[in-house]
Amino acid sequence: MGRADPEEGQLPAPVKPPDGGWGWIVLLGCFVITGFSYAFPKAVSVYFKELMKDFHVGYSDTAWISSIMLAMLYGTGPVCSIMVNQFGCRPVMLIGGLLASSGMILASFTTNIIELYLTAGVLTGLGMALNFQPSLIMLGTYFDKRRPLANGLAAAGSPVFLSSLSPLGQVLLEKFGWRGGFLIMGGLLLNCCTCGAVMRPLDMGMKRKMEKVQDKYEAKEMLPIGGKSEEGISTIDGTKKAKKAKKKPRKGKKLLDFSIFSNRGFIIYTISKFILVLGLFVPPILLVNYAKDTGVPDTEAAFLLSIIGFIDIFARPACGMVAGLKWVRPHVAYLFSFAMLFNGLTDICSARASNYTGLVIFCVFFGISYGMVGALQFEVLMAIVGSQKFSSAIGLVLLIEAFAVLIGPPSAGRLVDALKNYEVIFYLAGSEVVLSALFLAMATYCCLNRRKEKEPPPEENPSAGGGSDTEEAESDVQEAEEHSSDNHQPAHSTDNAVVAASEEANHVAEEQSGEGGGCPEGDGEVLARDGCNADQTVQRDSF
């Protein structure tokens, strides 16, 4: 998708999302990719104690492995956008799967912590980034009406894989050691290549169908000439060459579309998302230590994260179903604001929880609100910028979020070390999330809704090309119409052979119509010729 035509350097015309069919296979692939991308950096933490013993380093040194993975996942967003716009989603995902797998395999042979940073951190993180972003783009091309549900189901991969990879990593560590565990985990990441292989572009099938239909129509139109059949075949080749010569050179395709910054909705979303990420990940990171400081046993403290993950599994698909309702979807930005407000108030209200029961209640409500935020964040972005500019938009948003990820949790950890008080951290994190919710809701109402009341919204044509421009898609439609009109009226060709063959065909058609013959049949909608009335017009599936 978003790739140029190898023959003519042109993008195919936009295709309507099927909202099903092969899209369910694409959704399954996106579910797996999302699970690996978000859960893998956290699941690797089960190996940290063994790494500390073998390499004689501290916990903060080993924690950099997960931090580098997340930094690559967020910070390489623009690079992923450029590669998707240039080469398409499927090739980028195949390369990403190989990089992610090779990073973990090479990490199993490392001899120091620096080599681990470069292999498990940089290489595997880059590979997962090259899988995560294209999978979301492909999901947007295959789903339109059911897109909120599809986003919710795909987002559920994160808690599902987190609850699976962590126990699996512990088992592999006990039986094979950390080197054997890294090697097997690298093999598991090869499944990303399988997920990338099923990301079939929509436009390829439509392009092949269009060419087949046009060739069949032209052949049938020339066959009635009789002895001139060979001349008709050569005429078809001459027609194609003439049309290729008439094609106007296209403008260079933008590798990264910065024009989305002129979209007010995108600016509002980006600012609110930056504020949100500053405080969103702080409570789950500090929750276990917070519980231990209040006197909760280690096993029960670790179980709190399992509660959040279990609730999160069901919250994301359920929120996706709600967001897809007809009366909710036009206001999905406000639903996203409510989810953030719910999450922030949960942090604030639980800041003074002093017993295990209070922390369990916090985990239940945090799991619900956290799942709602995870299910809606990319759906809102798709609704704002559209599928054509989503590849550039998500890359830039992830880059901006990378700065927030590097600022929020580390700053919270330093405040805990300085103040020795978790209550202040929960108040601060909750306030940041609430601020982002209020900013998104108020800015959407004041800056966007009032503007829509004054000016009618522009008509947008749903497109499947995540990496193409709107102008390019519209020009492709116009060129396709000109191409079709040239097929229906071959007399307009500048080639003398085409003109002669067309006049011969019309003469034969007139003789057949005089003898009671019907209109020539074809695969397209043929304009009525002399001797045929309008009722005999033949229909076909329009391009």
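From the backbone N, Cα and C atoms, a Cβ is placed for every residue, glycine too.
Features as listed in TrEMBL:
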| type | residues | note |
| --- | --- | --- |
| COMPBIAS | 469-479 | compositional bias 'Acidic residues' |
| COMPBIAS | 487-496 | compositional bias 'Polar residues' |
| COMPBIAS | 534-543 | compositional bias 'Polar residues' |
| DOMAIN | 23-448 | domain 'Major facilitator superfamily (MFS) profile' |
| REGION | 452-543 | region 'Disordered' |
| TRANSMEM | 21-40 | transmembrane segment |
| TRANSMEM | 63-84 | transmembrane segment |
| TRANSMEM | 91-110 | transmembrane segment |
| TRANSMEM | 116-137 | transmembrane segment |
| TRANSMEM | 181-202 | transmembrane segment |
| TRANSMEM | 266-291 | transmembrane segment |
| TRANSMEM | 303-325 | transmembrane segment |
| TRANSMEM | 332-353 | transmembrane segment |
| TRANSMEM | 359-378 | transmembrane segment |
| TRANSMEM | 390-412 | transmembrane segment |
| TRANSMEM | 424-448 | transmembrane segment |
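Below 8 A, the CB atoms of the transmembrane segment (359-378) and the transmembrane segment (91-110) form no more than two pairs separated by six or more positions in the chain, fewer than 3 in all. Across the candidate stretches 116-137, 181-202, 332-353, the maximum count of CB pairs under 8 A to the transmembrane segment (21-40) is reached by 181-202.
The highest tally of CB pairs under 8 A with the transmembrane segment (303-325), across 91-110, 181-202, 332-353, is held by 332-353. The stretch in 63-84, 91-110, 181-202, 266-291, 390-412 that contributes the largest number of Cβ pairs under 8 Å to the transmembrane segment (332-353) is 266-291. Within its own chain, the transmembrane segment (266-291) is flanked in space by residues 260, 300-302, 304-305, 308, 340, 343-344, 347, 356, 359, 363, 366, 370, 373, 377, 380-381, 384-385, 393, 396-397, 400-401, 403-405, 407-409, 412-413, 416, 422, 425-426, 428-433, 435-437, 439-440, 443-444, 447-448, which lie at least six positions past its ends and keep a Cβ under 8 Å from the stretch.
Taking Cβ pairs closer than 8 Å, the transmembrane segment (116-137) reaches residues 1, 29-30, 33-34, 36-37, 40-41, 44, 51, 55, 64-65, 67-74, 76-77, 79-81, 83-84, 89-90, 92-93, 95-104, 106-107, 110, 154, 182, 189, 192, 195-196, 199, 378, 387, 390-391, 394-395, 398, 466-467 in its own chain, all 6 or more past its ends.
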